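Undergrad: Below is one structure. I have some questions about it.
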Amino acid sequence: MIGAGVFGHLSDSKLGRKGSLTAVCILNAIFGCLTSLAPDYSTYLLLRFVTGFSTGGVGLCSFVLATEPVGPTKRGVAGMSTFYFFSTGIALLSGIAYIFPSWRALYVASSIPSILFLVLVVPFISESPRWYLVRGKMNEAMKIMRTIANANGHHLPDGVSLALDDEANDASNGNQIWKAATVEKEAISGSIVDVIRSPITRIRLFLAVGINFTCSVVYYGLSLNVVNLETNLYLTVLLNAVAEMPAFTITAVLLDKFGRKPLAIGTQWFSAIFCFMGSLTGNVGISKVIRMCCGLLGIFGMAGTYNLLFIYTAELFPTVVRNAALGCATQAAQMGAILAPFVVILGGGFPFLVFGVCGLIGGMLASYLPETLNKPLYDTMTGLEEGELA
């Protein structure tokens, strides 16, 4: 939770998206391996804390870095495709945990992917051109744009550069333009304080925080609730991970057809229905199977919501504060994850009832958000306000 806020701010300011992602992966690998050597419980707790601190920035930094260069017509599909790897990781984790029953060995095994990512992937990743743009580094932004164009079989004319959306609005009465300028400009900074000051982004932030919180209670709660189902732990975790994957495909297909808002409402209420059904079934005989199926369908719906929220939240805020806002929403999600075990431990059908209520409330909150389908990713607070009021 703390790491999401800290690295959300750093990735918007000094470190950038790639720099923050590199930092959190290094910390993740180091602290994860050190945990396996913990000599006592106090040391273990400290190492778990700092590992969680670094892990908190991995998801938001990698997601924003992967989706910021993508245009509005393909952003939904590109964003949802990233989450297949998250579910695949959980599915693999169940197998790794089965192979390495010792917690010390498991921490080493689960830290190796971060090391491999640093060596095999990070050197080939480019910084977000949008981050370069708001930081005033026009030449660096154009280099990446030319590389992207060349990879797509196109080219950009010489002697042109990118313009911030508020500059383009001033120059062309709201129409985005290419600006013939290659000079470096002063960096534009922003923070979560700027988000709260603006009436437009303030309401969006509060709604995003509430939705992420309720969604996280359901998502992590259903994942942890496998202990109450009294089934094989490794198999149930695997099934939960596999159950998420069709949700990504269906959500990606429907995302650009129906929009973010209807899907955010529908997936949460879909999950809520099956959670309410699960609260009414027993845990003996055929009822036990029915409750397990309700849990799978519940996590199926909420998985679509949980990952859709990354796309939706990123589109609601401008580049200058995007990761800070997404980090704040992620902090709310982690608060929900903290609360989830306390709900699960109550046992019986009560956890399902709580999950159903959370899904219902989350869908209601989503109904107050604006639609972002096919809308541009704004770069500055001024550009967002001018674009939304136009």
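Keep in mind that glycine also has a Cβ here, set from the backbone N, Cα and C atoms.
Below are the features I grabbed from TrEMBL:
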- 1-374: domain 'Major facilitator superfamily (MFS) profile' (DOMAIN)
- 21-39: transmembrane segment (TRANSMEM)
- 45-65: transmembrane segment (TRANSMEM)
- 77-100: transmembrane segment (TRANSMEM)
- 106-125: transmembrane segment (TRANSMEM)
- 205-222: transmembrane segment (TRANSMEM)
- 234-255: transmembrane segment (TRANSMEM)
- 262-283: transmembrane segment (TRANSMEM)
- 289-312: transmembrane segment (TRANSMEM)
Undergrad: Other than its close neighbours in sequence, what residues sit by the transmembrane segment (262-283), given a CB gap under 8 Å and a spacing of at least six beyond its ends?
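TA: Distal contacts: 211, 214-215, 218, 222, 228-230, 247, 251, 254-255, 290-291, 294-295, 297-302, 304-305, 308-309, 312, 348-353, 355-360, 362-363, 366-367, 369.
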Undergrad: What residues elsewhere in the chain lie close to the transmembrane segment (106-125), defined as a C-beta under 8 angstroms and at least 6 residues from its ends?
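TA: Residues 18, 21-22, 25-26, 28-29, 32-33, 35-36, 65, 89, 93, 96-97, 99-100.
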Undergrad: The transmembrane segment (289-312): which same-chain residues, six or more beyond its ends, come within Cβ distance under 8 Å?
TA: 59-60, 63, 67, 75-76, 79-80, 83, 86-87, 208, 211-212, 215-216, 218-219, 222-223, 225-226, 229, 231, 236, 239-240, 243-244, 246-248, 250-251, 255, 260, 263-264, 267-268, 270-272, 274-275, 277-278, 281-283, 326, 329, 333, 349, 352, 355, 359, 362, 369, 372
Undergrad: Short question: most Cβ pairs under 8 Å with the transmembrane segment (77-100), which of 21-39, 205-222, 234-255?
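TA: Counting Cβ pairs under 8 Å, the winner is 234-255.
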